[in-house]
Each structure stands twice: as structure tokens, then as C-alpha cells.
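**Q** Encoded as C-alpha cells, here's the structure I'll be asking about.
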Amino acid sequence: MTQLSSNDVPSMGRRQFMNLLTFGTATGVALGALYPVANYFMPLRAGGGGGGTSAKDELGNPITKTGWLATHQAGDRSLVQGLKGDPTYLIVNEGGEIGEFGLNAICTHLGCVVPWDSGANKFICPCHGSQYDTNGKVVRGPAPLSLALAHVDIEDDAVLVKQWSETDFRTNENPWWA
């Protein structure tokens, strides 16, 4: 058997080069497409050591208790970014303090964001007319379930939103969202 000298060994051909280029491009696109999927299932969390997520305003800035109470009066229900970035109502109770629970603003019927109607003193879904009382309990369908609850905690003036896994105080049942 004869050995070929280094001058006789063929270099990478055009076909092999195109195969490597195609494989590299496809791999890059696939990895780029998987990043948002992985981020959805394992979101980055901001917050304290208690596992909470820092509530954020419409610009994505963390909310502080003193800043929030300076601009929101008793009985106010305003949207913040809560768990998983979902719109969540932060409630200022009648004592002028931030309530111990927040309400996920996503309607349980078809997923519309449910606005607070201060004149009617309830949440009314603009899509199909579902209505929820001041605590987010469904009072008129077609929504089948109450709005999801979230714990609201204050740690060093930071407003944190945490997963609610206890019994739903509105229905005395296990939470459907946990």
C-alpha cells in the first residue's frame, strides 16, 4: 500500500464546505429558537430570597411601597407586572396599605385582561362580559373560575409578588392555578 504525500491529499471540496456551512447555520437557528422556549419554562426571577418576584411598573422598574402609596389612594386597584410578567392588580386597602394579596388580571374565560370598573366597583371583562367582585371572585360568567391570587409581601420597601398555594379564601377550595 502506498502512502500519499501531503501534496496529494485533496483539500475540502466545495460540497463538503457547503454541507458544513448549512449544518452550522441550521444549528445556530435551532439554538436561537430554543432560547425563548427555555426562558419560558425557566424564567429569570428578580426578588428577594423568599422566592418572590419583584413587582414592576409599566416601564419595568421595581415598585417600592413608599413610592406606590404616595401615588395611589385607599381602594385603588392598579396593574403591575407580577409573577411570570402577568398583569397583576396591586390593591391598596381601606387602611391605606398595600393589601396582602394581588389578583392576576387574566380572565379565566378566554384570557383577556380584565379592567377594574371603579363606578361599578367590580372587574368587568371587555371581551365577553364576565364579572368579578372586589376580591376577584367570579360573580357572572361566562368565566368559569375566579381570578388567580398571588401573595404580596413587603421586604425592605420592595413590593414582592409570590405564588399562592394555600386554600382560596373566596371559595374555600384548593387554588386552580397552583
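Glycine residues also receive a Cβ, built from the backbone N, Cα and C atoms like all the rest.
I grabbed these lines from Swiss-Prot:
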type	residues	note
TRANSMEM	20-42	transmembrane segment
DOMAIN	65-161	domain 'Rieske'
BINDING	Cys107, His109, Cys125, His128	[2Fe-2S] cluster binding site
DISULFID	Cys112-Cys127	disulfide bond
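I would like each feature placed in context: is it buried or exposed, what are its neighbours, and how far apart are things?
**A** The number of other Cβ atoms within 10 Å of the Cβ belonging to His128 ([2Fe-2S] cluster binding site), over all protein chains shown, comes to 12.
For Cys127 (disulfide bond), the number of other Cβ atoms no farther than 10 Å from its own Cβ, over all displayed protein chains, is 14.
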**Q** Can you tell me how the residues of the domain 'Rieske' (65-161) break down into helix, strand and coil by DSSP?
**A** 10 helix, 39 strand, 48 coil
**Q** Rounded to the nearest angstrom, how far is the Cα of Cys127 (disulfide bond) from the Cα of Cys107 ([2Fe-2S] cluster binding site)?
**A** 9
**Q** Could you tell me the C-alpha distance between Cys127 (disulfide bond) and His109 ([2Fe-2S] cluster binding site) in angstrom, no decimals?
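**A** Roughly 9 Å, rounded to the nearest whole number.
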**Q** I'm trying to understand the geometry here, so how far is the Cα atom of Cys125 ([2Fe-2S] cluster binding site) from the Cα atom of Cys112 (disulfide bond), in Å to the nearest whole number?
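**A** Answer for this pair: 7 Å between alpha carbons.
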**Q** Around the [2Fe-2S] cluster site (Cys107, His109, Cys125, His128), what further same-chain residues have their C-beta within 8 angstroms of the site's C-beta centre?
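**A** Leaving out the recorded residues gives Thr108, Leu110, Cys112, Val114, Cys127, Gly129, Ser130, Pro142, Ala143.
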